[in-house]
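According to Swiss-Prot, the protein has these features:
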- Gly86, Asn117: anthranilate 1 binding site (BINDING)
- Gly86, 89-90, Thr94, 96-99, 114-122, Ser126: 5-phospho-alpha-D-ribose 1-diphosphate binding site (BINDING)
- Ser98, Glu232: Mg(2+) 1 binding site (BINDING)
- Arg172: anthranilate 2 binding site (BINDING)
- Asp231, Glu232: Mg(2+) 2 binding site (BINDING)
Amino acid sequence: MSSNLSNSQILNNLLEGRNLDELTSRSLMQRWLNDEISDVETGAFLSALRAKSSTGVELSSMAEELLNVCKLPVARPNLYLVDTCGTGGDGANTFNISTAVAFVAASCGVKIAKHGNKSASGKVGSADVLLNLGLDLNCSLEKVITAVSEIGITFLFAPVWHKSLIKLAPLRKTLGIRTVFNQLGPLVNPLRPNAQVLGVASEDLLEPMGRALLKMGMNRAIVVYGSGGLDEASLQGENKLVLVENGELRFSKINISNFNHENIANEKLVVSDQESNEEILKSVLNGSGQISHINVVALNSALVLWAAGIEDDLNEGFNKALFSINQGDPWKKFLLLKNYLQTN
């Protein structure tokens, strides 16, 4: 079913600050997928949605339409899957924390299906760093899916699964602003995870993203806005959280000082180039990294362990993540995934 509103009527509603209902939101995404919206109209729609701010209904409805056209080559594993994909776009140029978190959580027993892409605004996105470390993201889609059952973690490179959106990439790059598609990225993991920790680059996205996850049936999730504007939980100070659990949203806060560790400025997490990002990621995973790098990964990993239902006590989750890192288990998990994806 499609909305009877024309493109210009939908655009006018957005420009007047009116929220779109579920039917109209789905119809808008269908029109993008069916090439029924021109480049000029697309630019106007994306700018209008950005100016208005997207709602949970708009985000969940558009995400569902994208997922409906994303077909899996083999059956989804019957596992409790967790994603650590966030919006990106905080512009802070930190090392790739969420990617490190994925391997730490996997080494603690979480089944990770990480959705990701190349960099939006940072030095390197999750796909960039994994490719540079030798992970084969061009292997068969079947192998990508079976990896989560065999190894306990997999990585889904967004452009491979959402080919219909590739045509919008040049226009989005030309616009040069964060758009609704940055917000949709974490919501359209083809394996439809049961739980998620989702970092946002803007505080006003906390509730809409939480409501979108709730509407999409997420069992447990945490949306996090980090102190100092990070799209991860930060060591700098108080981090704001929206927790999705038992069909409800609740708001919370977390600070590394709660774990008897000192606050550290976000500048300590910044990387200058691609090579240093890879070095830091590897050093965290093998347990040889700086304490600030290890602590920020352990803090975010504790959130993932909560979402996975493995550790309800965040202090216990933090300590569990630290222990795994100190043992070098996350790096072993990375090597297992690398070898698995390379074999025929």
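Glycine is treated like the rest: Cβ placed from N, Cα and C.
Recorded features from Swiss-Prot, shown on the structure.
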residue : record                                              : contacts (Cβ under 8 Å, 6+ apart)
Gly86   : anthranilate 1 binding site                         : Ser98, Pro186, Val197, Leu198, Gly199, Val200, Ala201, Val224, Asp231, Glu232
His115  : 5-phospho-alpha-D-ribose 1-diphosphate binding site : Asp83, Cys85, Leu156, Ala158, Gly185, Pro186, Val188, Asn189, Pro190
Arg172  : anthranilate 2 binding site                         : Leu46, Thr179, Phe181
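In the three-state DSSP classification, Asn117 (anthranilate 1 binding site) falls within coil. In the three-state DSSP classification, Thr94 (5-phospho-alpha-D-ribose 1-diphosphate binding site) falls within a strand. Other Cβ atoms within 10 Å of the Cβ of Thr94 (5-phospho-alpha-D-ribose 1-diphosphate binding site) number 25 in total over all chains. In this structure the C-alpha atoms belonging to Thr94 (5-phospho-alpha-D-ribose 1-diphosphate binding site) and Asn117 (anthranilate 1 binding site) are separated by 16 Å.
Cβ neighbour counts within 10 Å, taken over all protein chains shown, single out Ser98 as the most crowded of the binding-site residues Ser98, Asn117.
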